[in-house]
Amino acid sequence: VLVIAPAATSSYDDLAVAILMVDQKKITEVHVLLVNPHTGATLDEKKVKLQWDNKFIAFTKLQVTPKEVEKWKEDFVRLMVKWDGGQHMEIDIPLTSRRGLVFAQTDQPIYTPNNDVNIRLFPVTRQLNPILSSLVVDIMNPDGVVVDRIEKNAFEVEKVMELRPFHVPAITSLGDWKIVSWMKDKPQFNYTSGFKVEEYVLPTFDVSITSEQPYLHVYDKAFTIHIKAMHIYGKPVMGRAYVRYGVKHQSKRTLLSTSSALARFEQGEAMHTLRQKHILEQYPDPKLLLGQSLYVEASVISSDAGEIENSILDDIPIVASPYSIKSKWTVPFFKPGVPYIYKVLVLNPDGSPASGVPIKVSFSFDSSGNWITQKRKTMDNGIAMQTINTARNSKKLNIKVQTEDERLEQSQQAEASFTIASYSSPSGSFIHLNAHREVKSPGEHIVFDVFIKSAAKDHVLHFNYLMISNGKIHNFLQEGRKGDTTSVSLLLTPELVPQFRLVAFFILPSGELVADSIIIDVKDSCHAKLSLDVAGGKRLFSPRDNVNFDLSGESDSWVAVGVVDKAAYVLDKKNKLTANKVYKAMEASDLGCSVGSGKTGPLVFRDAGLAIMAKEISGMDDVKDPGCPNGHTRRKRELVLEIAIEKASTYPAELRKCCRDAAIESPLRLSCEERTKHIHDEGEGCQETFLECCKHVEEELLIAMEEEDEDLGRSQGEDFMIQESQVVIRSHFPESFMWEIIKLSRSAENGKSRITKKMPDSITTWDIQAVEVSQSKGLCVGPSLELTVFKQFFLKVHTPYALKQYEQVELRVVIYNYMNQDVKGEIQVKCGDGICTDAEQNEPLKSRFAVEKNSATSFSFMVVPLSSSDSSVSVLARVFGSDVHDAVEKDLRVMPEGNYEEMSRSWSVQPRRHGGQQVIVVDNETPQNVVPGTEMSAFLSAQGNLVAETIQNTLKGSKISNLLRLPRGCGEQNMMYTSITVMVARYLNRSDQWNKMGDPQLKKRSFDFITSGFASQLTYRKPDYSYAAWLHRASSTWLTAFVAKVFSQARQLVFIPVSEICGSVRWLMRKQDKDGSFLESKPVVHLNMMGQVTGKVVLTSFVFIALLEARESCINEVEGFTVVVEKAHGYLTSQAMNGLEDFPLAITAYALSLWKVSDGAAKVTMHTLKTSGLQTEELIHWGSNKGKAAAVESTAYGLLAAIQHEEGEIAEKATNWLSQSATFGGYFQSTQDTVMALQALTGFESCQSRMKKMDLSFKIRAEENGVFDKEFQITNDNAFVQKPFKVPVHGQLTVTASGTGQGILTFVKKYREKVVIKKDCKGFSLEITTNLDNQVKQRRRQSINPEFNVYRFIGCFRYLRNQEPGMVVMDISLPTGFEAKKKDLDDMKNLVDNYIVQYEIRPGRVFLYLDKVNKDEKNCVGFRLNQVFESNLVLPVTATVFEYYEPDFRCSKSYHPKMEVNPDASCHGNICNCLQRHCVELKGMADEDRNADRNGNACRAEYVFIIGVTKVTKTASYININAALKTVLKKGMDQAINVGARRSFVIPMHCGKNLNVSPGDIYLVMGMHNAHWRNSDRTQYVLTSDTWFEKFPLESVCRLPSPPASCQVSENFKGCSLKG
């Protein structure tokens, strides 16, 4: 009996067994069993009968269940056969618990930070049938660190699993992220896909660079490239390319300085050639370039729109010999006397196939020395085939291959030698398979020829055939022999996709097994039917067309659909789920050792991935153990299991599992050494075996992968245009849509469904993909369907990120005409309210255009926002004489002038301390320099929990960055944001108060935010688990401790690998000094807070606290942990008695109290702390001599220490002080004080009784414009969720609180502050200059964009404080229409003379970080400002320098690009008219003709004054008129006004050009109350177009003997006849 089975199997697959009776003389019953090798118990069994009816062959399947396998520890199952009473055979089949595959799909291939990634998973068997399995998914950043873990439980109805979205953090690692998924019950087998994270905008067109050869020979005279630029919608780009070449060595790039050139496009294509002279000028000896690479950059500028897209062709090898020769596709054995087809693969240096290369093939047999030479050329796939007629008695075939490229010298040609052995047969018999080359599809027949050579061939009446695919035998059949050559036709079934091995064999009467095998490719196709198409087959649509998608698939299947803008795939397409990826994964299940044949008949089976056993057949000793021999690399990509099985066989049985498990990849990506430390109870020798096998697998897999990487109109006049009412405006431009799963039920007609979708407005090509999962037919990834949304005539509107009020900015429209005729027409621009254009009043802006066919033109227009409200622009272009048109609407974001500011104050509310009723008076004055016309708001917020405001704003989306107004660009800043959320989430968890927050999803979102923060922080982690403010700087002990502390706290809430925490702990332990203190090599914290002498105490306390927080996670993971902690405690104890300053004292007191409250040093330190604080009856705080931020942090540590020591009175007083120090929203001055204050306050709240009585009543009263009254109550139920009340922005507020409990009252006023020429500076001086950069301007005009200027910004500051500075930040606002040149910022950061350590670009702003500041001289930064939009009337903007940890120390200055424009020509035409329409009009000298109008206005106006001008000043944007009131005829809302009072009247700068107001002038001013704002006695009035502004004569003039008529007018004017 001959038994054939796969060389390995899975506990989740059936085991197919083929059985043949060698001696076909009698009917025999064969009993086939699967046996537990440990107990001998039968797992499954079948009985088959071999007889004449079935040609004495049988094919059966057995199954072993995963639950049974889990009961024993062996890595194999025993296959046993019994027949004829007592005869039996058995063989051990290696067993894997691999269950199947998991494929992942994302809704886009690339994302920007702060976006959501939608993920689908498709868990299937190796045969692609759906699996019901719970899954675990790790999201891994580019550094290989798991930043989020998502678990998804299986449900019967879900064949496609959609995960919750993964939120990419706002600050994170850019690059390639991984999605690592595995089935929950099989964590040892994981599957990887991915997505990319970059800061990008979708390209408007695709630029690709190709070279005529994929390498540069070191002596090449020329190197030619081809550049292709195509719009995403398929049309060629017209324009030019700026081409640059350079040399890359490792990561360093060197530009070939004389190689830059312009290349012009024709029909979207351009060509350029690099000449050898350009290289020799910089590298006279080309041989020095060997081993380096060439790169090519191309910036393509479209001539129509001026848009720029870039591309790079990278890593072009510079070589002396450009080719390599491989023979991996060659069958390793030949049959003597049968033509042998030798395949050679020639590769380029980049691994791509080298086509058209002449080669010389020489061969000889045995040791004859007689070489026969033939010449060939490689095909497109790099393969050249040579047929060699072999000699009948040859044992060895020698082959030499050499390239014959005529461009190369002989020494530069590639060559290789190979030896092919003959098939070995004792009788000289063999069988040879030859398949017809055409690749067939499932359902078709494959035809192949079988050739036999044997002296005993008359005894061979039939051949036996096995078809093996994906590690399984799919068919076993027998066909009769028809002479020396037999043609056989076999039906291809879907199970054989993508390829199968065909084994043919016969058995001679002598017992010799003769066999051959080949690999046959099957055309990739799905078993399941899936079709997604558009009804009618249409591929071209217009925006907003309804598209009917016809979906056809299997009944009861699930189809996942997604649509992506093809522009996204221009940026990254490697992670797209394709059918090819699925089939490649299936190929990995192949168990074969070679591409076919074998040394002997039995070895043919082994090399085909089969295990065989037979008693009657000779040569079986070679195959008694299944699997490939040493030295043979399998074609599959997943080789780990086989390597481990082979290695495990060299160990005793009790250690084989230790070795085998080493092959299973750790989900946490731990090293072999780290994994070994987790082995504890597996017996003696297991750790050593595991480590040795783990390293062996890594080395062998690396070798194997290296080998595998060798693979490869007509015109009807201008009187007709489409009516505007018929126009559809395009305004919806998503990157992806239609992320849906569609169920095809049995009730659907033949598995069909029609889906109707409206296409978005984008002019682009959409890539539409459908993936089907059928219960019966498995997974099918359908081909992409591309639909182009296009108009032959369309617009593209270019707008800046934001406009600023009163600034004049150019907007540009590009008109594309892809029709086959030139067109003329009209373009019409309408802007929303509050936008001035060059149009007539209440009319759209119109202009005519002419565009040639297949061309484009641009149209520009100026806009000026008059208000700070967002608006929109709508552009319509219509062609004369036709209905051809397009319209686009875009939002215009308008930012008010000035900077956002807020002022706030908090009060502790404790009525019981005030006799049961507490009265709080809130000053509500308007700050100086408020921008006129901007909204101002004031709020009062009262809550019954000291940290409620912080919790609300942290967890409910009120952005911390806005409240704190600090940048976040380094590792410490990022941790601050994460740690705040950790603090409040821990508090709500401990106090079980999530249900009181009023949002059931809040807990989940909070945990997601923490996970996202963890991911962001890993951006700053080094390989040794230490952290630095920036990766290129030295690691910081303090920051690493901060991270370890927060991660330890966060681990109680979300998944964070212990290895991350303990890795940092190990690094910290190495920073401990002999005396127990800790050393800091790169300070991050504010040095002033640490003190000159006590800095070591502060740092040691901080690290000590972090280690205690991490104790639970690391005490058993980190060797020596306890010793280090005890040494640190000893050091702090010795220093506690040394008269520490407030901050070191407070942090030391808290650190010692964490160790043990009863400790003597802890008690003494706490006593000292109590007596040193600044106390009142209700408050206590520490550290005020070091600034507000230091005082907050010191008091926070003092409060934490008091809580530990149960010092209730001290804790309550410290809590009161901290509560009153918070800003609106619950935040403080900077990062660390906010973090520690919040930890302390939540700690205080946590230790209060959960059942404490809360019943506070509040009454708010304001007397302004009548009476404002508001009453509300706070109880335990709403202590967290009380919202702020909006209160009047003017006038004193009185708040009366009564009842029981303790709360906090916060007042905040928000407003826009004018940019002033000079502001008060504290701790810094600052100088700003901006000048036109003529040299840069000239270069830009030669290359990229000639229209706009370039300016150079220089900012210099001096540090004026008498102490060492900490980190300094420069916050630089950019003028509208300008952007910072990124290369200059990179140079400031990266060059050896670096000025900054990091920068951060935000819309309209740049943050620069300096950690090296010279106290004794100026510190300067500088970069170029590129003008990207034309702007006139540009307003000044502000640059500010401040200390990061003490932001009160700052200096701000305004600056302005020195524009080359005439100030008198800053506006023109109707823009000026539009601006003036909103301006106050000076009526001139009083005149009797205006009497009626004057009196009518006096009756309508709410205030009527006659003023005398005392002073006129100008700011950046306004004229301020200070005046004394000479007559008050109507007071309006300003009831406190009287004659002689002083008031200010404000006019926008662009309105004051022709007013000529001077001190001493007298004016009549009448207007409405909504145009003024007040600040105590400094009420200011904004003069607008609704204001009556008339000049009155001077009193001295009216006393003249003959006064002018205007004097009579002024004397007679008494206002409205109705008294005001």
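Each Cβ is built from the backbone N, Cα and C atoms, and glycine gets one as well.
Quick caveat, the model's predicted, so the values are computed rather than measured.
Note on Asn190 (N-linked glycosylation site): other Cβ atoms within 10 Å of its Cβ, all shown chains, come to 19. In the three-state DSSP classification, Asn190 (N-linked glycosylation site) falls within a strand. Taken from Swiss-Prot, the feature N-linked glycosylation site applies to Asn190 (among others).
For Cys628 (disulfide bond), the Cβ neighbour count at a 10 Å cut-off comes to 20, with all displayed protein chains included. Residues or ranges marked as disulfide bond in Swiss-Prot (evidence: similarity to another entry): Cys593-Cys628 (among others).
Other Cβ atoms within 10 Å of the Cβ of Cys686 (disulfide bond), summed over all protein chains shown, number 19. Marked as disulfide bond by Swiss-Prot: Cys658-Cys686 (among others).
Look at Swiss-Prot and you will find 658-694 tagged as domain 'Anaphylatoxin-like'.
What Swiss-Prot lists as disulfide bond is Cys659-Cys693 (among others). For Cys659 (disulfide bond), other Cβ atoms within 10 Å of its Cβ number 25.
In the three-state DSSP scheme, Cys672 (disulfide bond) falls into the helix class. Residues or ranges marked as disulfide bond in Swiss-Prot (evidence: similarity to another entry): Cys672-Cys694 (among others).
According to Swiss-Prot, the feature disulfide bond maps to Cys836-Cys1474 (among others). Take the CB of Cys836 (disulfide bond) and look out to 10 A: across all protein chains shown you find 23 other CB atoms.
For Asn989 (N-linked glycosylation site), the Cβ neighbour count at a 10 Å cut-off comes to 15, with all displayed protein chains included. The N-linked glycosylation site annotation in Swiss-Prot covers Asn989 (among others).
Taken from Swiss-Prot, the feature disulfide bond applies to Cys1062-Cys1114 (among others), supported by similarity to another entry. A C-beta separation below 8 Å, combined with a sequence spacing of at least six in one chain, links Cys1114 (disulfide bond) to Val1058, Ile1061, Cys1062, Val1065, Phe1121.
According to DSSP, Cys1451 (disulfide bond) is assigned to a strand segment. Cys1451 (disulfide bond) counts 21 other C-beta atoms within 10 Å of its own C-beta, drawing on all protein chains shown. Look at Swiss-Prot and you will find Cys1321-Cys1451 (among others) tagged as disulfide bond, backed by similarity to another entry.
Residues near Cys1356 (disulfide bond) in space but far in sequence (CB under 8 A, at least 6 apart, same chain), listed by position: Leu1326, Glu1327, Lys1418, Asn1419, Cys1420, Val1421. Summarising the annotation, Swiss-Prot assigns disulfide bond to Cys1356-Cys1420 (among others).
Summarising the annotation, Swiss-Prot assigns region 'Properdin-binding' to 1406-1416. This prediction places the mean pLDDT of the region 'Properdin-binding' (1406-1416) at 84.
According to its DSSP assignment, Cys1472 (disulfide bond) is helical. Cβ-based neighbour count (10 Å, all protein chains) for Cys1472 (disulfide bond) stands at 17. The disulfide bond annotation in Swiss-Prot covers Cys1467-Cys1472 (among others).
Around Cys1479 (disulfide bond), a 10 Å sphere centred on its CB holds 21 further CB atoms from the protein chains shown. Under the heading disulfide bond, Swiss-Prot lists Cys1479-Cys1551 (among others), citing similarity to another entry as support.
Helix first, then strand, then coil: DSSP counts for the domain 'NTR' (1479-1616) stand at 31 helix, 55 strand, 52 coil. The domain 'NTR' feature in Swiss-Prot is assigned to 1479-1616; the stated evidence is sequence analysis.
Summarising the annotation, Swiss-Prot assigns disulfide bond to Cys1499-Cys1616 (among others) and lists similarity to another entry as the type of evidence.
If you look at the region 'Properdin-binding' (1406-1416), the same-chain residues 6 or more away from its ends with a CB under 8 A from one of its CBs are 967, 969-970, 1029-1030, 1033, 1359, 1364-1365, 1367-1372, 1374, 1380, 1385, 1388, 1395-1400, 1423, 1444.
Of all the disulfide-bonded residues listed (Cys1499, Cys1616), Cys1499 has the fewest other CB atoms within 10 A of its CB. Comparing Cβ neighbour counts within 10 Å across the disulfide-bonded residues Cys694, Cys1062, Cys1420, Cys1474, the minimum falls on Cys1420. Note on the disulfide-bonded residues Cys658, Cys1598: the fewest other CB atoms within 10 A surround the CB of Cys1598. Following the DSSP three-state reduction, the secondary structure of Cys693 (disulfide bond) is helix. Of the recorded residues, Cys1616 (disulfide bond) and Cys1607 (disulfide bond) place their C-alpha atoms 19 Å from one another. The most crowded of the disulfide-bonded residues listed here (Cys693, Cys1551, Cys1607) is Cys693, judged by how many other CB atoms sit within 10 Å of its own CB. In this structure, the C-alpha atom of Cys1472 (disulfide bond) lies 81 angstrom from that of Cys693 (disulfide bond). If you take the Cα of Cys694 (disulfide bond) and the Cα of Cys593 (disulfide bond), they are about 23 angstrom apart, rounded to a whole number. In terms of local Cβ density within 10 Å, Cys593 ranks first among the disulfide-bonded residues Cys593, Cys672, Cys1321. In this structure, Cys593 (disulfide bond) belongs to neither helix nor strand by DSSP; it is coil. Following the DSSP three-state reduction, the secondary structure of Cys659 (disulfide bond) is helix.
Secondary structure of the region 'Properdin-binding' (1406-1416), assigned with DSSP and counted as helix (H, G, I), strand (E, B) and coil, comes to 0 helix, 5 strand, 6 coil.
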